[in-house]
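Visitor: Below are the structure tokens for one structure; questions will follow.
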């Protein structure tokens, strides 16, 4: 790929990253950052696998941020990796999603290192934001 294309893509996704980091999500951009986080992670963690697609922009990111900001029970940690952008970090995080097919966007609620709830792309695409938020908040209420 050309350097101009890579720079264009880096700039294009800045607001997509900020939508989550601005709501308090920690962005993990390397495999090492994922490993370091997962080694020390305690309690519950919501992981958002971010994406450039429309269902990430219109549904996944807003549902994740609003669920975390509005629900009484929330995860101890909120982190994000960006599929297609931070490939090694995303691949490393997906290693922890045992039994789940790679999907972006997607969301995983972990207790320690174990996935206790997973929302793949097909449960995001074609659903409205409120449905996705209810899916997340029900998981928060059950596990956080």
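Backbone N, Cα and C define each Cβ position, glycine as well.
Per Swiss-Prot, the features are:
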- 53: active site, nucleophile (ACT_SITE)
- 55: active site, nucleophile (ACT_SITE)
- 53-55: disulfide bond (DISULFID)
- 53: S-bacillithiol cysteine disulfide (MOD_RES)
Visitor: Applying a 10 Å Cβ distance cut-off over all chains shown, what neighbour count does residue 55 (active site, nucleophile) have?
Guide: 18
Visitor: I want to verify one value. Collapsing DSSP to three states, which class is residue 53 (active site, nucleophile)?
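Guide: DSSP call for residue 53 (active site, nucleophile): coil, neither helix nor strand.
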